[in-house]
């Protein structure tokens, strides 16, 4: 009976364990039916960091990490690195395919959870991409199968609840294929290996992972007799709890197989692994060393607890979650509000704004939708989505419009309201014409301007029309600008004129006529009396006089004064020619006649004259004024000196500009300006010019003034480039010149600007020359040689870039320093070398051809002499060598005759005498040579005689 009760109780514990530990299995299967069962160790996504968006979750198990991903609609893949979980939302399924990584990622686990639609599951995607495990990954990176229950594992495998993967059972290890577990009994090693890795694989680990197996290498190999006692694995289960506030207490109970009441005594230890960020520190744990943990002061969030159970030779642990939910609430529907609820728009205004931001909800509005419920035919407004404010800009059709706003909160509760907009056409009233006030004029005034600008209209006047009254058709008058507010009347005659104004607005409505009367009266006043004052007499050097016409009179008042010169020896100047009093200046010797004309309000005028007589009692010498010293900067091509400020009491009759001896001689005086008040000098050069101005009056008195002009060099002279074209300057058109400048600017660096200095004509060939310089994007002038080098290289690649052929391109100023031993001629660009220096002939013939003064004549002469001596010595040595070879005697066979030995001996002795000593003279040598030849001849004769003797003797014997 007791035995059956124990069995029943054990089955109950197993049922509770399965219900507690694997409660999340069905949940995860419901949430993630497409999860791939394999754990990829040492793999990474194909897209790396660009595969999608990552989110990190700390202190969570592999199962908890997968559940987090299952609860998210956007999560596709998870990673585990120790206790850190990473969820990945993939851009595409291909970006998240597992790719073996050789980096040190031994503890990195990758699980494929949910593929992106429309894919069915990850298995089909892997097979469709021909996924295969790399060879080097099979050593230490096997594909582990994820599990929840032992049924997910194959034979001889158990599901490790801590890491959520299948491992070999106790006493088994993986085979070489890393797919099946086999018994390791009889093998010496590290004891039971349940991790799925071979101990032998430690030696095959690549260097980056070598340190991770260092502890395994240090485990000593034991024999079967020394093997420690095995620890029995306890199956521990805890049922996760979910509570809803305001309930803030919960209990977690641990169940073991075998149970602790079957003769086993266990110790329990509960610990909090992780909690949701922001859950605070208020949770309280009681009975942490018992089988049931009591929790209190819970707040909203997720808590993860771990329980460790130990006993005699037994050990087990597991984890459980406590989820605390917010209090259940009753949602309040939102309230839609539009401000204003009714709106009137008067044309021509076409804009209206409806604001729905005053709508309210207890949790906040998440969606807005505007609709046109009623409107005029043909009206289609632009209604932007999800915006609380609606702005309408095209309400041009009069009528009524009804707009509906629908709002939605986070609980999908909605509410709607409407607003009305009335578009009204404002009435357009006819314009009102106003021809202005009546006018009275007095002859001889015959011109009048009417004013109709006071006419009004609510929308504006577009046309005016002025006509004479029907009763005045026979009256003479000229009318101009009758279609404007200001018509001009001329040639009026005495009498009454009536003019009619009609105006039209933009709606083509015409006003009623408006009349204005012009009364033309006969003259009512006498002409004015002009008084220019008494005649004046003055003496030089005074050259001015005051004129007073204030005594002029008129019965209605003088309105205008006008002073003018009638005659005189010179032209005078008035400081105010339209005032009653004025000063006249620039007088000289002689008689001046000045006139004054006064005009009254009716246009009547009168005139008078005054005479001014100027005497010269004593001549005053003139005073020369050359204008003061100046400084100019090239490329200004001319000097202009103004001496017109020179003064004389009567008049200056002679001007003379004289170049001083210490002045530069360069420069041409043009237009005979050295005998006028203004001197013009062209073709100037850098330096100092000094001129002396001499002025003389008609009585011979004179005065002088000296002026100095400093001409400074062009600050950018070395940056100016001269481009010579294969076209005569007389044939170059402005269109061609502009085209050359445009194409040339395109060859320059980006941001630089070409600035033209001038176009000139080459003196000899008459070809057109463009002088320019280049500024960069910082307004800094580029170096001339650099610009020349850059343009030459580009034109060398394609000479037709400018359309016109280029003859030459060079800097305006020769910048060749001639190696520091000469001067560069500007026109020929050839270096004139100093004494004892010359051109580098090798560079001129075989190099870049640039003129230089690199070679010293002294060194050249020394080198040439040395080369000549060396050459002579070489030829002499060759000649001697050849002579010795030619004089070498070949050994011949010698035949001795009877009685000839003495002669040969004498011949050798004579030849030995031919050897010269250091003290022998030329005559001795010659004498010895002759003796040797005589002896040689005698020896030859003896030899011939002996030969003949033998032949004769043979003949006799024969």
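Placement of Cβ uses the backbone N, Cα and C atoms for every residue, glycine included.
The signal peptide annotation in TrEMBL covers 1-20.
Per TrEMBL, the feature domain 'Seven cysteines N-terminal' maps to 27-108.
Residues or ranges marked as domain 'PKD/Chitinase' in TrEMBL: 235-327 (among others).
Summarising the annotation, TrEMBL assigns domain 'PKD/Chitinase' to 335-426 (among others).
Annotated domain 'PKD/Chitinase' per TrEMBL: 436-521 (among others), in sequence order.
TrEMBL lists 529-617 (among others) with the feature domain 'PKD/Chitinase'. Confidence across the domain 'PKD/Chitinase' (529-617), taken as the mean pLDDT and rounded to a whole number, stands at 91.
As annotated by TrEMBL, domain 'PKD/Chitinase' applies to 623-714 (among others).
What TrEMBL records for 857-886 is transmembrane segment.
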Comparing 27-108, 335-426, 529-617, 623-714 for Cβ pairs under 8 Å with the domain 'PKD/Chitinase' (436-521), the winner is 529-617
Lying 6 or more residues past either end of the transmembrane segment (857-886) yet within Cβ distance under 8 Å of it, the residues of that chain are 836-838
For the domain 'PKD/Chitinase' (529-617), the DSSP residue counts stand at 0 helix, 49 strand, 40 coil
